[in-house]
Structure formats: structure tokens, C-alpha cells
Amino acid sequence: MIRAHTTPQVRAAEADLLARLPEGALMQRAATGLGYAVLDLLGAAYGRRVLLLVGSGDNGGDALYAGALLARRGAQVEAWLLSSSAHEGGVAALRAAGGRIGAVRPAEFDVVVDGIVGIGGRGRLRPGAVAALEAVAGVPVVAVDTPSGVDVDTGEVDGPHVTADVTVTFGTHKTCHLVDPAAQACGAVHLVDIGLDLPEAPVEALQAADVAALVPRPHLDDHKYTRGVVGVRAGSAAYPGAALLSVAGAACGLAGMVRYDGDPAALDLVRAAHPEVVGPGRVQAWVVGSGSDTGAEDAVHRSVADGVPLVVDADALAFAALARGRPAVLTPHAGELARMLDVDRAEVEARWLEHARLAARRYDAVVLLKGRHTVVARPDGRVRVTTTGTPWLATAGAGDVLGGLIGSLLAAGLDPFAAASVGSWLHGAAATLASRHGPIVASDVAAAVPALVATLPTP
Ligand SMILES: NC(=O)C1=CN([C@@H]2O[C@H](COP(=O)(O)OP(=O)(O)OC[C@H]3O[C@@H](n4cnc5c(N)ncnc54)[C@H](O)[C@@H]3O)[C@@H](O)[C@H]2O)[C@@H](O)CC1
Ligand SMILES: [K+]
């Protein structure tokens, strides 16, 4: 599991550790990890030109000590001090190692180390920092802890900021490493363990081993009914494709049986594509999805009345309030969530985390906000971010497959938060597997799920 802690949580853990360690030890751990990560990126130190952008706090201190490490290995290291004060010990260490400090001449650098601000950054970057970033545009950047200029605890971005190739963070991940748009500015994120003892994280991201432990697997004495039956109410005579794709997602094999209870006109098409699908009957979870035409309200009503968990997607989201307080997963994209909350789409896209949490609270249900890094929020504010996927997944019908997949996990017994986060992880990973860097369509994603599940480590 990747866990992202808040700045106050990190500060508290840091204070606890600082009290038990010799002075400067924590920063040495951080700076050493940072120095080696820069070395990794450069391939070698000797003769390489490294520019440190140094702010006034400990983030700059980390950059200076890492610069000293690189200078001792033969790199030409220059520090551009962006504030009237800088970490004194770090400045002395860099000087002692042969690094240069002061006015930086226009020169070509192999890498820029962004030590402007980390978890102590407040508000927009100051003009001097912005000018420095413009002067080094195009040079690969390693960000220290967080890309300067992004909001660490929300993942929001308001104004100029560093766009890093690599971000080296310390002790734990921060929200900005997972949540867009800030996550897009991080590049590859490398975590250096500095020994912090941390509480439960409010934001996390499942990894393959976590999914392997959560994904339902049949027991020796299971039969199709004990593995769970998922029912699909999506599609119509006018929109049979939505029925086919929702069923494709539900019929990936993670539940024991799939029932289709949509428009009878679509049932023949569904059966032709998925002969294993049966007609209406008892289920352990419903998927009420897209293309139900005018039948969406009735479909949500009947599914809620059944008392089993449900997925509410697409057209049905207009009636999501009917599922309030039920075990439900609502699966809007940004535009749909904007309508559910009566705000502009741009506001949702600027503040993913806030809006996903707000909707989960307001609808008293798990909300899965679809995006590059999908955000799954529980009413109590706990969040999982999906980091699997490929840009090729932005294709028609992919959401229908996701809804069906989550429904099958609900039917198999996963709680709504687990079903949504595991389903989203599998959906993204299956897309990557199917795509192999090339184009895909939604049915390819569903078709790749069984092979993907087979590659998961056995827990
Ligand atoms: N907390 C921890 O556990 C550890 C923290 N370390 C480093 O320490 C950093 C935090 O250090 P600090 O608390 O000194 O804070 P930072 O260095 O992140 O930033 C605070 C400084 O930047 C200035 N500043 C704030 N907002 C600014 C803006 N928008 N534009 C320009 N300057 C701005 C402030 O005047 C202040 O001096 C972490 O990000 C990490 O890099 C590591 O050394 C080791 C462990
Ligand atoms: K930084």
C-alpha cells in the first residue's frame, strides 16, 4: 500500500523522531537518499553539472547536503539561493565539498534539484522562484520532497510550479504525490525511508499485493451462488451497447453468475455475446448504469428496494439520492459529479479530493470520481487513489465496463470501498495490459481482466 500522510501528521512524527536522534541525523538520511536518487538519474557524478534551487527552509537544506554528496563524487554543483537566508549547515557542507554558491551564470545543467519549498510551502511561489524556474526550463528536474508550487495536502495547483521528472520524498508519501493535478507534476515518485512512525493515512493507493489480498477467490466448496450473483440494469433497445459493456465488466469471472434485467430487446444481444448470462432473478448486487434511457429512475428505485449493494452509474446518477445511506458506489466522471453537486466542472477538476469527499458525505455513499488518477472517497473522508491505467483508457464505454466490474466485486462480498478501489485498480491495470502502448476499446479492457487477475501474486 502507498500511504499519503498530511503535513501535520508528518510534523508530529518528525518531532517524535528528532527528540530521539542526534541533531541533523534526520536531514542526513533524507539528503543521502536524495543524493543517490540524483546520481541514479545522472548515471554518474563526475563532470556532471548540477544546479540546486535553494529556498530558505529545510527543503533547501536537503538540496544543499545532497549537492555536497554529489560534489564529493566529482559533480560540478552550483547553488542558486532564492532567499536572503539559507540552511547554514547545508551551505557550509556544499562549500566544503567544492560546490559553488551565489550568482548562477547562464549555463547548461544536466539536472536541476528543486529545493525551493517542501511541506513548509505556503501560497503561490514567490517571483524570484518563478523567474529561476523559467531560466532553467527544459532541464530535467528532481524535486525535493514535493514539486515546489503545488499544494501538498490537497493536490491542488494554483499558479506556477515545478514539473519534475523525479520527486524524492521522505518518510511517507504526501497527498500531492497521488492526487491530480499535482500528481502530474511529480514524475516518478521515489520514497526514502527515514524511520518516521506514522498513524493511519487518510489517503492511500492500492498496490498489486493489496489487490491480490482483497480480490475474491473461490473456495474449494464454493458454487456459483455462493460466489455471488450480480444483476445488471443498463442499456435499452435504443442503447444496447451500454448493456453489452456493463455485462462484459460484470462477467469477468469474479462473481459466480451474471443476470441481465434490462430491456428485453437488449437481452437477446447480451445473450448472443455472453451465453453464460441469465435473465432476471435474485442477486447480491445491482449495477444500474448507462443507456437505460427513461428507465433509470425506476431501475434505481427497484434496486434500492431490493436492499442489496448497488453501483449507480451514468444516467442513474441523477437519482443517486435514492441510494443515500445504502451500501452503494456512485461512479461519476467530473461532469457528472459537477451536476450532482451543482458546481462547475472546472471546479471539480481543480479540486478532485475536496469534491469527491464532499459528494461522499452528501450522498452518504462511496463515490468514485473517474479521472487519470481516480479518487474513491468514503463518507468519513477516507480516500483511495487509483494509479494504474493508461491514457488509452479514455475510450467510449470504459465506464460501463468499470461499473459492471465493481458490481461483480460487490456481489462477491467486498464492501463498497474495497469493491470500488479494487475494481478501479483492476480496470486501469487491465487497460495497460490490453493496450501495450497501443489503442484499445472498452471490451478489450473487460477481456483482459481474467489474465490480469491470474498474474496477481498469491496472497
Ligand atoms: N518533516 C520531516 O520529517 C523532514 C523534513 N525534511 C525536509 O524539510 C522540509 C520542510 O522544511 P521547512 O519546514 O523548513 O519548510 P520548507 O523548506 O518546505 O519551506 C519553508 C520555507 O520556505 C519559505 N516559503 C514558504 N512558502 C513559500 C513560497 N510560496 N515561495 C517561496 N518561499 C516560501 C518560508 O519562508 C520558509 O522559510 C521537507 O519538505 C523536507 O524536504 C527532511 O530534511 C527530513 C525530515
Ligand atoms: K521542492
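Every residue, even glycine, has its Cβ placed from backbone N, Cα and C.
Nobody curates TrEMBL annotations by hand; they come from automatic prediction.
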Listed alongside K370, G371, R372, H373, T374 for AMP in TrEMBL, from G399, G403, G404, is G399
Checking TrEMBL, the member of D40, D114, D165, D180 that binds K(+) with N59, S148 is D114
Comparing the Cα of D114 (K(+) binding site) with the Cα atoms of the binding-site residues G61, R122, D145, H333, T374, the shortest distance belongs to D145
For ligand 2, the binding-site residues of N59, D114, S148, G399 whose CB is under 6 Å from one of its atoms are N59, D114, S148
Expressed in Å to no decimal places, the gap between the Cα atoms of H373 (AMP binding site) and S148 (K(+) binding site) is 20
Same-chain shell around AMP excluding K370, G371, R372, H373, T374, G399, C-beta within 8 angstroms of the CB centroid, reads H333, L369, V375, T386, G389, S424
With D145 ((6S)-NADPHX binding site) as reference and a Cα-Cα limit of 10 Å, the qualifying binding-site residues from N59, K370, G371, R372, T374, G399 are N59
Closest by Cα to R122 ((6S)-NADPHX binding site), out of the binding-site residues N59, T374, G399, is N59
Residues near I119 ((6S)-NADPHX binding site) by Cβ (under 8 Å) yet at least 6 apart in sequence within the same chain, in sequence order, are T7, V10, R11, N59, D145, T146, V152, K174
